[in-house]
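S.K.: Quick paste from TrEMBL:
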- 60-108: domain 'Mur ligase N-terminal catalytic' (DOMAIN)
- 146-350: domain 'Mur ligase central' (DOMAIN)
- 148, 149, 150, 151, 152, 153, 154: ATP binding site (BINDING)
- 257: N6-carboxylysine (MOD_RES)
- 372-500: domain 'Mur ligase C-terminal' (DOMAIN)
Ligand SMILES: CC(=O)N[C@H]1[C@@H](OP(=O)(O)OP(=O)(O)OC[C@H]2O[C@@H](n3ccc(=O)[nH]c3=O)[C@H](O)[C@@H]2O)O[C@H](CO)[C@@H](O)[C@@H]1O[C@H](C)C(=O)N[C@@H](C)C(=O)N[C@H](CCC(=O)O)C(=O)O
Ligand SMILES: Nc1ncnc2c1ncn2[C@@H]1O[C@H](COP(=O)(O)OP(=O)(O)OP(=O)(O)O)[C@@H](O)[C@H]1O
């Protein structure tokens, strides 16, 4: 059941006013155009982006690299001064591997056998050069960027699913995987760096994709990974506490997110728009800075894309929505209030892209879900078990609220916090877990090089004396999951949070194979839970 979006059922004729369809026809690529970037380019073509000395303009480059370890003969190497190290330290290695020229941040006085090209802002130059090198692929695609603290993956997958069901060839870029129109690729990051991103987009163009739903992380925006990408639509899910190790505070986090909306210029590609969450505190600020039409969603009467009613049925909910005055009903098995907002955002995009409402309503119930997000594990146990990716305060709160909505039994949560990441969110997560779960179990997540004792101390700093006593602390994640299953009784809801789809636990620099889903299946098969009373329905 979990996997890439299902192939569309039946062919839909896009409406005459379907923007995507028009673009599709306009942008049909000839074979000659496909893969034009494979041939390389002359350095002179980058003269507006970096300072190319007169004598080097005819020099051919056949690739781009920002990592010396990945350099291939003929590449232009970007020596980025980073947070951890300086790319200049690897210049010699890049030259040894065949780099024919290198871009540096500002002029560098150094004797080298290859030309050094100075850029004022190297990350910006890398983005623009990558877009140029790969033939400006984002201009040939409907680019839908989704940003926000939580829900990016779900919304991007939903958009991709609905557009694909409407026969719009759509690529996907995000945390879980990349779908480039020919194959699924694993993702290293939520948003690839500029060179990988532009190469991926060019591949999508070559594979006949007409639209792309992509997650745009705040890191990517701050580090200019998407510079050179022209978006048609920018979507915000929400902005809550996370990544304050990198962004320092809410304001600078908001500033980074706002880049996606600020850069949605009302010229260039036609029909640009933004989709905003009207209930998020960022709404007034983002709406103000948007220079393109804004479609906002929410449950209040002012929202343009509005959730009017939710009728909960046994295995699904029936949502009544209103889109700019038109009502429609959509069934979904995605659980929780937060997913209703994710659906609103995705529906707003699909509808704005020209997919008819009946087609949207037909597609959403067939959404296969996203691995590791609110993913149920069913092995015949008499209680519900879910693996979820919640790893920040708002997500933890949302998933526990979802469990309250869905079950009348106890909520048992296994959770942890990553090492070497935002320490400020740890006490918030601890407090949410003890205040919203009946049985909170604190365990380890990826530690990297941080001491688990420090992490546990930070998490418990958010708790009162009594709450601390109610907390079960089990550093071994497998044992913590076992404990949760042993304590669960019929009708309870067990949530294993934080790792989602990930297949490893990081200890130091070592990635140890570990899958919450697999461990739950093993433990449930071993009978780590009490036997199922025959009178109870099996899930
Ligand atoms: C904060 C951040 O995002 N940093 C990324 C950034 O690092 P950086 O530019 O500071 O680079 P650096 O590591 O100091 O190295 C400097 C330069 O030397 C180069 N180098 C380095 C070593 C070498 O042997 N040769 C060499 O050429 C590097 O490639 C780099 O160009 O560029 C590096 C190369 O592309 C990335 O590996 C690195 O991602 C780090 C590992 C990372 O973990 N990023 C996470 C936080 C991230 O981006 N997460 C978001 C999602 C967040 C979320 O929503 O959950 C994402 O989009 O995935
Ligand atoms: N709209 C939402 N509001 C609050 N929490 C949400 C929302 N959507 C999803 N979540 C929670 O956040 C978790 C991650 O969801 P998802 O992967 O869709 O978001 P994301 O923004 O891509 O996260 P990340 O950037 O960490 O990959 C889910 O498992 C769920 O617990």
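Using the three backbone atoms N, Cα and C, a Cβ is placed for every residue, glycine included.
Just so you know, TrEMBL annotations are computer predictions that nobody has curated.
Note that the structure is a prediction, hence the values are computed from the model and not measured.
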S.K.: Can you give me the Cα-Cα distance between residue 152 (ATP binding site) and the residue listed as 'N6-carboxylysine' in Å, rounded to a whole number?
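M.R.: The separation of the Cα atoms works out to 12 Å.
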S.K.: Sort residue 150 (ATP binding site) into helix, strand or coil using the DSSP assignment.
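M.R.: DSSP assigns residue 150 (ATP binding site) to coil.
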S.K.: List the helix, strand and coil residue totals of the domain 'Mur ligase N-terminal catalytic' (60-108) as derived from DSSP.
M.R.: 13 helix, 17 strand, 19 coil
S.K.: Can you tell which of the binding-site residues (149, 153, 154) has the fewest other C-beta atoms within 10 angstroms of its C-beta?
M.R.: 149
S.K.: Per-residue pLDDT averaged over the domain 'Mur ligase central' (146-350) comes to what?
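M.R.: Summing pLDDT over the domain 'Mur ligase central' (146-350) and dividing by its length gives 95.
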S.K.: Report the member of 148, 151 (the binding-site residues) whose C-beta atom has the most other C-beta atoms within 10 angstroms.
M.R.: 151
S.K.: If you take the centroid of the Cβ atoms of 148, 149, 150, 151, 152, 153, 154, the listed ATP site, which other residues of that chain have their Cβ within 8 Å of it?
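M.R.: Surrounding the site, in chain order, are 146, 155, 215, 237, 238, 342.
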S.K.: Between the Cα atoms of residue 150 (ATP binding site) and residue 257 (N6-carboxylysine), find the distance and write it as a whole number of Å.
M.R.: 13
S.K.: Cβ under 6 Å from ligand 2: which of the recorded positions 150, 151, 152, 257 qualify?
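M.R.: Near ligand 2, sequence order: 150, 151, 152.
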S.K.: Taking just the CA atoms, what is the gap between residue 154 (ATP binding site) and residue 257 (N6-carboxylysine) in Å?
M.R.: 18
S.K.: What does the structure give for the C-alpha distance between residue 153 (ATP binding site) and the residue listed as 'N6-carboxylysine'? Integer Å is fine.
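M.R.: Each residue's Cα considered, residue 153 (ATP binding site) and the residue listed as 'N6-carboxylysine' end up 16 Å apart.
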S.K.: What's the CA to CA span in angstrom from the residue listed as 'N6-carboxylysine' over to residue 149 (ATP binding site)?
M.R.: 9
S.K.: Three-state secondary structure of the residue listed as 'N6-carboxylysine' from DSSP?
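M.R.: It is helical.
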